[in-house]
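TrEMBL lists 549-559, 647-663 with the feature compositional bias 'Basic residues'. According to TrEMBL, the feature compositional bias 'Basic and acidic residues' maps to 561-582. According to TrEMBL, the feature compositional bias 'Low complexity' maps to 613-631. For 528-585, the entry in TrEMBL reads domain 'Signal recognition particle SRP72 subunit RNA-binding'. According to TrEMBL, the region 'Disordered' annotation covers 538-663. The repeat 'TPR' annotation in TrEMBL covers 223-256.
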Amino acid sequence: MASGGGTIAALWTEVNRCGQSGDFTRALKSVNKILQECKDDVTALNCKVVCLIQNGNFKEALNVIHTHNKVFGSDVIAFEKAYCEYRLNRVENALKTIESASQQTDKLKELYGQVLYRLERYEECLTVYRDLIRNSQDDYEEERKTNLSAVVAALSAWEQAPPEDLGLPETSYELCYNSACTLIGQGRLPEAMKKLQEAEELCRQSLSEDSDMTEEDIDAELAVIHSQMAYVMQLQGRTEDALQLYNQVIKLKPTDVGLLAVTANNIITINKDQNVFDSKKKVKLTNADGVEHKLAKKQMQAIDFNKALLAMYTNQADQCRKLVASLQSQNPGHPRPVLIQVSQLCREKQHSKAIELLQRFSEKHPESASEIKLTMAQLYVVQGHVTKACDILRSIEDLKHKQGMISALVTMYSHEEDIDSAIDVFSQGIQHYQKHQPNLPAHLSLVREAANFKLKYGRKKEAISDLEQLWKQNPKDIHTLAQLISAYSLVDQEKAKSLSKHLPSADKMSFNVDVDELENSHGATYVRKKAAKVTGEILPKEQGQGDIKKKKKKKKGKLPKNCDPKATPDPERWLPMRERSYYRGRKKGKKKEQVGKGTQGATSGASGELDASKTASSPPTSPRPGTAGSSNVVPPRQQKPATSGATRKKPQQKKKKGGKGGW
């Protein structure tokens, strides 16, 4: 008899009933009573583990399995053990448990696919799900197809593998969303945006049918789709729209810590070195518990890189160094932690130390040497050591024969006036193309640029071989032939004459040249004047009739103020006063008139002399030339205003009205 007054059979009945109703807490109590009587009952132990798993007590369930390991054996409870390890994020242990099981059941295969996906072994995971879909028929077929499409999306996003067309019907919003993620991995952003919009519509339709779902619940379910839409906008350069949509997702406060971390990280990448205060708030969302188990390794790596960059931009040098050291230990061959460390050193004006660090890393990790050496060259250019930068660039074997690299090297050597080194760069590039890709457009264009460069700097002899090579490839190229003749004319005139025979005659050459456009082009030395347009009919000129020039009408000059037009003007008015015949000089001891000085409104003592009414009647001291007899007419330049400020009557001031108030 069991304690508590019930028999074991009654307790098993209770366990069965609670299991069917989903009350696993009561079922666990009954199982514990059974185990008090039968400690090593395998069925009771198995039921206890299942009840603990259903209640979310994975650690306790795993402890029960380990405690009674000898009772269970190897295969009895392999699925439950692997599932507990998987849920406790002990993925490697779960994989070992599954692989050690002697019999691979369908449940173990399902879990095996989940474990492989978490371990990012996508190719093996794809094979497992294909086998499951092919060999199983139950109610979980839709979920398996969804998982299979998620694997395909991960292969496209993280491994850039070309996706296979598995013929999966996009009947649910999950399948449509995974298809959009696959398109994003391929770089087909407009198509991905359309798929995401379709997924949003399908999600709204399916969730609106459930009466228990509120609008807030639907928005929370759509948060993943909206965040992915914002990511597509960000890739398309629509950062303002993306930022607005990201912030809407953050305001919803979704329970998925992985979604919050990715959204916050993307906001930080948009902010960059601006809006640092907002970025420091968002970076806290990336530090939530369990984030590392929700995201892929590359996603976590990108978040850690952005944390280090944010620490650098906020002048937290010690924090930046700690994060970089952690990144280097996790990814010893990755160049980005070293580049962040070099950026921090450059901010501290330690350029030489940064170059030494890059040199050591390139020697240890030659697979990343190209990117590192480009950074070294940039630092040398910043310091003004252009020749050293050229030496570094020429040591990059993968890039030194690229057209862009040749162009950069020639430009830098030209800046340093090292024409010989620039020509050597051209020669090495031409030899490389002649050996591996002869007579291709890239090879011929390089030869032409080399010839033009040599002609520009007066290296006629060196340019001749390049021009001859080009002319042999295309004998009808008149421009190249003309350049070749021009070069030979300074070196070998006989050769130039013999080559000039290949030029076509002027009659055969048809130049479709627009003369007006040529004259109006930039750099034209002579521009033909255009004839003025004449309205109306142009009459033919008679013989002997010259051109009649139109006489320009002279404008009447303006007369000075107070000028009397009837009076004869003073013939000496153009001379300075001292050079005029009637100038007698100033009397000694006469003070200068203080006219216009003093406070506003004040009048000087010479106001009587300034009165025109008094001086107009007095005759001049001596007769002036140009005046008739005793005429009192004053020349225009000598005339003074008719009225003076001294004779004007001041207006009477009105008396201020007195009153209360002061105004």
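The chain as shown is numbered from 1 upward.
Placed from the backbone N, Cα and C atoms, the Cβ positions cover glycine too.
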When secondary structure is assigned with DSSP, how many helix, strand and coil residues does the compositional bias 'Basic and acidic residues' (561-582) contain?
3 helix, 0 strand, 19 coil
Sort the residues of the repeat 'TPR' (223-256) into helix, strand and coil with DSSP and give the three counts.
26 helix, 0 strand, 8 coil
If you average pLDDT over the repeat 'TPR' (223-256), what do you get?
93
